[in-house]
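Right, one structure below, let's go through it.
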Amino acid sequence: MEARTFWLLVMVLPLVSSSSTGQYVSLSPNQCMVPAKDRMDCAYPDVTPEQCTNRGCCFDSSISGVPWCFKPLQEAECTF
């Protein structure tokens, strides 16, 4: 019985982990409002918008000569 459970886990875990490779969606809209001069590159050349956002980065190809896939602004943390 224990061997059966082990093999079931071995077969199910890869399915669960592969289904969690969806689009990264936890960025707020304000986090991608980075001025062009302040953009820090977040990927490799020719990255697609989907690949960029899956990395947790922002994508904006409207301005040439600056990174299109760039690191988002960090949310301000409260300090009490």
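Placed from the backbone N, Cα and C atoms, the Cβ positions cover glycine too.
The signal peptide annotation in TrEMBL covers 1-22.
Secondary structure by DSSP for the domain 'P-type' (30-73): 12 helix, 5 strand, 27 coil. For 30-73, the entry in TrEMBL reads domain 'P-type'.
Annotation source TrEMBL lists disulfide bond at Cys32-Cys58 (among others). Within 10 Å of the C-beta of Cys32 (disulfide bond) there are 16 other C-beta atoms, taking all protein chains into account.
The Cβ of Cys42 (disulfide bond) lies under 8 Å from the Cβ of Cys52, Arg55, Cys57, Cys58, Pro67, Cys69, Phe70, Lys71, each of which sits 6+ residues away along the same chain. Under the heading disulfide bond, TrEMBL lists Cys42-Cys57 (among others).
When other Cβ atoms within 10 Å of the Cβ of Cys52 (disulfide bond) are tallied across all protein chains shown, the result is 22. What TrEMBL records for Cys52-Cys69 (among others) is disulfide bond.
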TODO: Please average pLDDT over the domain 'P-type' (30-73) for the predicted structure.
DONE: 95
